[in-house]
Ligand SMILES: Nc1nc2c(c(=O)[nH]1)N=C([C@H](O)[C@H](O)COP(=O)(O)OP(=O)(O)OP(=O)(O)O)CN2
Ligand SMILES: [Zn+2]
């Protein structure tokens, strides 16, 4: 149940956790000569955000550790890989990687509301659940 203060709208609560992994990729559909057509690597940062009710006794949506546990199988598929070889990531742009992660994290009683992928310090992509 969400915390409610009389006279104020109920709160929407989200929790987030950032994960990191190292991987190589190349972008197969960029124009000839584009630097990203060559294999190169990134230190990826992935932020996963969950939305859900705050448990009235525990005072949290879910333990952050549950988010880490849900992430672990994806980490195993991504870390120190050539992303183009991972099923579903044949064209591993930030946009498609964010969607790939979004579709694979499920925690009962919560909804993944957004996934942010940062390939570099200055570039990132965020995908959101429709209607949020
Ligand atoms: N919309 C997107 N644009 C680009 C993506 C992407 O996934 N979505 N990816 C790339 C490449 O992966 C590239 O490695 C990252 O590009 P860029 O941000 O240009 O990285 P640099 O650190 O090399 O930036 P400079 O400003 O050139 O130093 C490209 N575009
Ligand atoms: Zn790249």
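Positions of Cβ are set from backbone N, Cα and C atoms, glycine also.
TrEMBL entries are annotated by machine, without manual review.
As annotated by TrEMBL, Zn(2+) binding site applies to 25, 40, 42. Contacts of residue 42 (Zn(2+) binding site) defined by a Cβ separation under 8 A and a same-chain sequence distance of 6+ are given as 22, 23, 25, 119, 120, in order along the sequence.
Annotation note: residue 36 (active site, proton acceptor) sits in a helical segment as assigned by DSSP. According to TrEMBL, the active site, proton acceptor annotation covers 36.
Annotation source TrEMBL lists active site, charge relay system at 80 (among others). Sequence-distant contacts (6 or more apart, same chain, Cβ under 8 Å) of residue 80 (active site, charge relay system) comprise 21, 22, 23. Classification of residue 80 (active site, charge relay system) by DSSP places it in coil, neither helical nor stranded.
What TrEMBL lists as active site, charge relay system is 119 (among others). DSSP gives residue 119 (active site, charge relay system) a coil state; it is part of no helix or strand.
Around residue 40 (Zn(2+) binding site), the same-chain residues at least 6 positions away in sequence with a Cβ under 8 Å from its Cβ are 24, 25, 26. The Cβ of residue 36 (active site, proton acceptor) lies under 8 Å from the Cβ of 26, 27, 30, each of which sits 6+ residues away along the same chain. Counting every protein chain shown, the Cβ of residue 25 (Zn(2+) binding site) has 24 other Cβ atoms within 10 Å.
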